[in-house]
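Feature table excerpt (Swiss-Prot):
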type	residues	note
ACT_SITE	CYS54	active site, thioimide intermediate
ACT_SITE	ASP61	active site, proton donor
BINDING	VAL76, GLU77, SER78, HIS95, GLU96	substrate binding site
Amino acid sequence: MTGIREGEKELSLLGSKTEYRNDYAPEVLEAFTNKHQENDYWVRFNCPEFTSLCPITGQPDFATIYINYIPDVKMVESKSLKLYLFSFRNHGAFHEDCVNIIMKDLIALMQPRYIEVWGDFTPRGGISIVPFCNYGKPGSRYELLAEKRMETHH
């Protein structure tokens, strides 16, 4: 196949040399148009190599970040998501902040119907922290889904 397929013109990172940022960089996130907007479906990202810094001690924190969402018009491009998550490597934030920041940045990028983000952080001092946050588009059935998922998440 030659040329750029329809919808891929929106993306700038695929096929180009990867430059890793050393600072928190939400601007690296890219979105493309969902070709199946008439369907409800789940997209899941498992990100097992997430790293951030404790804002107090400067020690590294490690986690698997899980992102589930139901797209609307836009979807996040996976390489840009990888670079975005990598940008937390030298960013100081508590575990709870990390998952909320990630969710809010993805909402700003895509305006999904529904999204949830949770982090399974490696134990520190014998305690693991597993923060969860979610969002459903206001005034829609996805808002009700968010409420139900929050009530049943464990």
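Including glycine, each Cβ sits where the backbone N, Cα and C put it.
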In Å, how large is the greatest distance between any two Cα atoms among VAL76, GLU77, SER78, HIS95, GLU96, the listed binders of substrate?
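Farthest-apart Cα atoms in VAL76, GLU77, SER78, HIS95, GLU96 are separated by 24 Å.
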Quick one: among the recorded positions CYS54, VAL76, which has the most Cβ atoms sitting within 10 Å of its own Cβ?
VAL76
Cα distance, ASP61 (active site, proton donor) to HIS95 (substrate binding site), nearest Å?
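Taking the Cα atoms only, HIS95 (substrate binding site) lies 8 Å from ASP61 (active site, proton donor).
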Which has the fewest other CB atoms in a 10 Å radius around its CB: ASP61, GLU77, GLU96, the listed recorded positions?
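Output over recorded positions ASP61, GLU77, GLU96: least Cβ neighbours within 10 Å is GLU96.
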Given a 10 Å Cβ-Cβ cut-off, pick out the one of the binding-site residues SER78, HIS95 that has the most other Cβ atoms nearby.
HIS95
I need the CA-to-CA distance for SER78 (substrate binding site) versus ASP61 (active site, proton donor), whole Å please.
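Distance (Cα to Cα, whole Å): 22 Å.
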In terms of DSSP three-state secondary structure, what is the assignment for ASP61 (active site, proton donor)?
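The three-state answer is strand.
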Quick one: what's DSSP say for VAL76 (substrate binding site), helix, strand or coil?
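SS state of VAL76 (substrate binding site) = strand.
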Compute the C-alpha separation of the residue listed as 'active site, proton donor' from CYS54 (active site, thioimide intermediate), stating it in Å without decimals.
7
